Structures are given as structure tokens and as C-alpha cells.
Amino acid sequence: MLPKNYDPNEIEPKWQKFWLDEKIYKYELDEKKPSYAIDTPPPFTSGTLHLGHVLSHTWIDIIARYKRMTGYNVLFPQGFDNHGLPTELKVEKEFGISKDQPEKFLQKCIEWTWQAIEAMRNQFIRIGYSADWDLEYHTMDDWYKAAVQKSLIEFYKKGMLYQAEHPVYWCPRCRTSLAKAEVGYVEEDGFLYYIKLPLADGSGHVPIATTRPELMPACVAVFVHPEDERYKHVVGKKVKLPIFEREVPVLADEDVDPSFGTGAVYNCTYGDEQDVVWQKRYNLPVIIAINEDGTMNENAGPYAGLKTEEARKKIAEDLEKMGLLYKKEKIRHRVLRHTERSSCMAPIELLPKKQWFIKVKDFTDEIVKVAEQINWYPPDMFLRLKDWAESMDWDWVISRQRVFGTPIPFWVCDNGEIILPNEEDLPVDPRFEKPPRKCSDGSEPKPVTDVLDCWVDSSITPLIITKWHEAIKGDEEGKKWFEHNFPTALRPQGTDIIRTWAFYTIFRTWVLTGEKPWHDILINGMVAGPDGRKMSKSYGNVVAPDEVIPKYGADALRLWTALAPPGEDHPFKWETVDYNYRFLQKVWNIYRFAERHLENFDPASAPEELEPLDRWILSRLHRLIKFATEEMEKYRFNLLTRELITFVWHEVADDYIEMIKYRLYGDDEESKLKAKAALYELLYNVMLLLAPFVPHITEELYQNLFRERIGAKSVHLLEWPKYSEARIDEEAEKLGELAREIVGAMRRYKNSHGLSLNAKLKHVAIYTTDSYEVLKTIEKDIAGTMNIEKLEIIKGEPELEERIIEIKPNFKTVGPRYGKLVPKITAYLKENAEEVAKALKESGKIEFEVDGQKVELTKDDIVLRKAVFSEGEEVETAVVGDAVILFF
């Protein structure tokens, strides 16, 4: 029996343990069953899940549960992305271990990461996540690193991997290069400096505007727009840089924005991506003025050794003294920062460095073509990837100057020769292992000490989960697994990593297999705080899952995620979770009520012919099943979730169950059996529809109400409800809707008179013309539901008479004005009630004389109460469509 109260903290852990112990979600390769492989996002092992993880991974879980119910063999692994700067920073800060002790440092990174994995896995389980944990993977596992290194060797063999000096995004705080996807612009307050640069021929100045005066020592040109009339006369001339006494050319290029600042900018190597484009486009020299640690170098002359911020201030002061800085304007502008990890957020420099690159810029058209073969949900998310591909200025820098990461598996000779490892030795770590052979000239190759960008690790996840790495070795089981599951069915992920995880996965998978990685990609938005702003500690609006679940349970939180629209940001609202919790309480109470009535019910005894309201609710149910299936196939959970809640709370609980209670408690055994049959079919299917969304409460309901009859070990091993056209009954639906409206009007009458819903009504008559036959069909349902002693359904229109039953002055307004005349005014109103009412209706006032004195009263001065009478009895009325309800 279901306990009296719904307690998610009691039932949820119980069923989570049951699912794990019974291996309910274990995947077994079965070539006879259709496969549905999910390329799940491996979260970075920070040690805790945030609400963004809860949203995205609950979506994934909803899909996995639904697909199992529709007959698919669901491959649902979960991985963890282990490598990354935050772990290194934590080990340095919390454990005091330096990267100068690489082996000890690595060991501590691994130890800490295992602790983080354990904590995050437990959080996944606590939200009801139905992954097969036997398939869990970690990017720091040796077999995983071996697969990554094998993929890298394949790229090298295809001529797509190279080492070169090139401007890269450099984090002075982390002392490492970054991929474009790891950096981003942040809106900040700053200054725009207006500087006059003297023309070398002495004929005047070119005014430029810049936010970074400290880059002047690295200036190699000044650019203006070719159509800008202000500067046409200086194009081709040179300006002389103040302080540094160098001459640089003035060039024209259409990329210049004439409306920004003065319309003239200087090109420094390198202030931003545009500087890189111009330097390469015009083959300009490269001058570097900033060190790796963010200080100025010897090219900065007298400013060498200063931090960039200090040099900016000092150069601006010196230019002002020279009369060349003529304006300093406060602005709101975008600053490039290390945005991928909030623990850093340092300003980014563009520095030329020798790094390892994967060729990608030349393949963007192919990447877009492959992406077009994938079904994007929502479709406009494809455009984000396309725009990103078209905006790429250079290749993918994959090397990182870190310790904890997948090693780049190469040794390099002085002559440029690259020594590859023996593939049977993978994974290798050149930092600690000797090369497999010497250079061709007999010299010792030098190890590559860099590690890989973590996106190199995670961009082969669809290959990892389908055992590509085993299949290419000729492993028979691996080949079967790969052939059956690749391309995977689905990639679910967030909008924020379209340009990284989605882009690089499509690219790498296409290069390695010639195929798309997935058939579908589902994009979720970001989670905003309760105030609608991005969740941030600085805003004080961060809500952790561990704050929500103890109070409301995982199922209520899961419903909040299901209400998120695809591709759009979704604010966390406490009131939404509270509403969801109350909905689940309502569900609990529905099934507790039904449990008593269905205890000895045998579904095999269900009669074929049901009563009208039974046919109505089952018709509505099957319309919902059809809609639910369509929405689930399109991954549109938000609309479906709203429909489910509305249907269960209102049509099932408020209407249908209330309208069959009299039958369940009554003496008509045949009618009672029909009600039980409909209730059983209804609640069984509602449970199945809810199961992917709220797996814990539905498991509890199944085990208590249905398992003995059905036999399956878990609700999540049952089939998704099948839509039946035979159950659609349009006439019954019209009838049911009319019953809802009639009963609703009667409930409102009871409520307005302070009557309980089960209070008896002595006499009610319903007059109707068009709905007479329908109402006669449900006459006993209306009478039984509303406890009406005498209910009449009468064809035709009622004869109603409106009478004034009370008319008197409003003593508060009339008394002060007319004093002793009030009694006579009262008498006049009663004697002339109809005339007074007519005058008030037409003009809003009435004038008459009392004892020779003129009296003028408005609507506010008169209390007028009318009543409706039918056959001499006072009645109250309500109108529903063409039906008029009379309450005697």
C-alpha cells in the first residue's frame, strides 16, 4: 500500500539502489534489436554538479528512458573529462605540490580527480540518471589516452598535424596557449585613448584611437578605410611613432570601421585577431613587446619590465606630456579573457609561439557539409556552427603547456624529423619514456613535453563509446559493437560548446571515419539564476542541486528541467519546483485513492462497453499519447510536460475522478466495474507517460499498484503507451467537455454560497435546446457528482422573471444630504421601484420631489437588489453554452 504522504527523500534513494542492484539499465549488445547510442557529455571533474549539468543530463536521461520503452537497446554510458587547468591549480594551491615535480604532481592530480568522480557519480545517481555505470569512461584512463594518441597519429599520417610558430591565444596567468574556444570577450569599463601620430614628412598628424597604448612599441602600420574622405590624402604615407621613433606605413583596408574612434587604428603585433589578419594580408613585420608573463620586454624600451597595465598608464602619461594624447574617453568595451575556466579570467595576449596544430581551416566547408547531414534540434543551432566555421582565422592549436593531460606522443629531431611511438606501446608519455628509435642521422630525438587540449580528448567520444579504438585493431567484438552503434543516435549538449565539442567532434570523426558522428544533435540552453541573470557567485544567485533535492526531491527538479525550451536559456525558479512538488503530491493522492478501489480489480474482467465519461477520458488520454509520442520524437519536452501536468491535475483529478466517485462508492456494480476499468487503463498509461520524466514516483506507483498484475521487474522495462485510433470518440469528448463545464458552474455556485463540494443541492433544473439529448445521457453523472436531490433536464428555454426584491436609500450618502426626508424618500423608492430602476438604467440618476423639496439620487445613492424567479420560486442562474442552469 502507498504510504499516506509523498516523501521523495524516502522513496527516491530506495529505487536508485534497486535499479543499480538489479542492473535495470545494463546494456548488452544485441544485433537483433535496434540500437540507440547516446554520445553523452563528459563533464569536467570539478567535484560537483551544477544545475546546468542537472538540466542537460536529465534531458538525456528522459530520452534514454523513453527509447528503452519504445523498444530500443539503449547504449547509455557516462564519462568524465578529467584533464584541465583547474585540477592543476587545485593541486598546486591545496596540496602545495609544484609542477617541477611532474610525477608526484600527476599522481596527486589523479588522486584528486578520482575523489571528484566519486562525488559526481553519486550526484548523477541521486537525480535518477539511468546510465550503465559499467560503461563509465575517464579521459585519464590509459586505454582512453591510447585511443586519443592513436587518433592523433592518424591525423599526422594524413598530413593534418604540424608544428609551427603562429600567433596563439596566450594566458599570462596560466602560462599556456589556448584554443579560440577557450577564450571569450567580456564587457568591461575602460578608456579609449586618442593619440596624434605625426606624419613622417612633417605635413600633419593622423589621429588614432586605441584602448591599448602599451602596444605602440609593437605597432607596424596604421589602417584607415579606403572610402574615408578624411584620410585619403595620407594613404601611402608614413607616420613616425612617438617615443619609439619608428616609421610605419598608413594603409587602407575595408575591415576598418570608420565610425569607431577617429576612424584610424594602429596595427600592432598582436593586439587582437584583426591585427593577425592584417599582418599576414600585407606581409608586415612582427614585433613582440610582451613577455609570456604579461610584462613588457626589451622592445618596449624604457617600459621594459612593467606589467601591461602599468605600461599603458605610463605611456599615456608620457604622450600627454608631449601633447600627443589629446583625449581620454570612458567607454564600455570588450576585453578578451580566459573565459572557459572561471577560476582564471585573465586578459589574453596574442603571442607567436611554436605550437602543435591540427589543420582545420582548410576543411571548414567539409565540416559544414557533414553538419548539414545531422538533424539539429532546434534547427537554427546549425547556423551557430556554420557561422563559427566561417569565422575561423587559423588552425586549431592543440598543444598546452601543462602537466595533467594526454601527452603528445612524439619525439622531435633537430632536423625536424618526428619520431612516432610503436602503436602497441600506446599510451606513451615522452616526458618520462625513451623514444622507440633514434633520428635518421643517429642523434637522440627530444621529447615533446606539451599535453593536448582537453577538446582533443573529448572530441572522439562517439568513437570511444562505440569502440572504434578496438575495431581498428581488428577485435571482432569491437567491430560488431562499432558497426551496430556508429554513427551514434544522439549528441545532447549545451549551446555554449557548439563551437568546441560539436565542431571538433564532427571534424575529427569525419577525418577518422568519413562519417558523421551522430544522426541527431539536441541543444539545451544555459541555466539562469532566479533573477534571470547568468548564475554567478558575484551576483549571489547561484543555486546548487544539493539545496533543492533535500527539500523537494529529484523528480520535482527533473520536471523543472523538462520545462526548458530547446536551445533557450532557462531560469531556475524556486516557485516552479514548488509547483512541481505539489503536482507530484497530487499524483500521489490520485493513485492512493485509486489503490483502494482497484485492489481486487482484474483487468481481464473489464467490460467492452464503457459509460460516456469513461469514453471521454480515454479518448482524451489517447490524444495525449499521440501528442506525447510526437513531442518525444522531436525532443520537445517543455510543451509535453505542460500538457501532462494540465491533463493529470485538471482533467483526471479535478474532473474525471470527481465525476466517477459516486459510481465507485455506489451500489450499481456494473457501473462501478466500468469506472474501475477506465480508471485502471487511464492511470496505468498516465504512469507510463510520466515515467521518463519522474522515474522515482512512477516506480513506487508501479510496484504498489501494477507489478503483481503486469509482472515486469520495473516500470522502466515496460512499453511506451500505444496510441489507439479506436479509443478516439469525438462525441464522447464533446459530452465530457459539456459535463466539465456544467459541473464547473455548479461548483462555483457552491463555492460562492460557502457550501462544501459534496453538499447536497435540493433542486436544480437545466434548460437547453441543442444539448438536450447529450445532457440526458449524462444526467445521472451530473446529479451523482454534485449530489443533487432533484435534477431536471428540460428541453426549451426557461420562463424567467426578474423582480426587484429590495430597494432603499444608501443611508451613508442620502442621510447627510436629506436628513428628515429619508423615511419619505424610502417610501417613494418602494412605491415607484420599477420607474426608479428604469431611470437609473437609462440615465444613472432619478429626480423627484418630497414635501416640495427636489431630490436627486444617483446609482450610488440607491441600494437595488433584483432576483430571478421561475414558476414563482426565486432562483439563481448560470449559463453554459446553450444551457441555462437554475438553482432553486
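Cβ from N, Cα, C; glycine included.
With DSSP classes pooled into helix, strand and coil, the tally for the motif ''HIGH' region' (43-53) is 3 helix, 1 strand, 7 coil. If you look up Swiss-Prot, you'll see 43-53 marked as motif ''HIGH' region'.
For the motif ''KMSKS' region' (534-538), the DSSP counts in helix, strand and coil order read 0 helix, 1 strand, 4 coil. The feature motif ''KMSKS' region' is assigned by Swiss-Prot to 534-538.
Summarising the annotation, Swiss-Prot assigns ATP binding site to Lys537 and lists sequence analysis as the type of evidence. Of all the Cβ atoms in the protein chains shown, 8 others lie within 10 Å of the Cβ of Lys537 (ATP binding site).
Among residues of the same chain six or more beyond the motif ''HIGH' region' (43-53), those with a C-beta under 8 A of the stretch's C-beta atoms are 80-82, 84, 86-87, 113, 115-117, 119-120, 123-124, 127, 454, 494, 526-527, 535, 542-546, 572. Same-chain residues lying 6 or more positions outside the motif ''KMSKS' region' (534-538) and placing a CB less than 8 Å from one of its CB atoms are 50-52, 526-528, 572.
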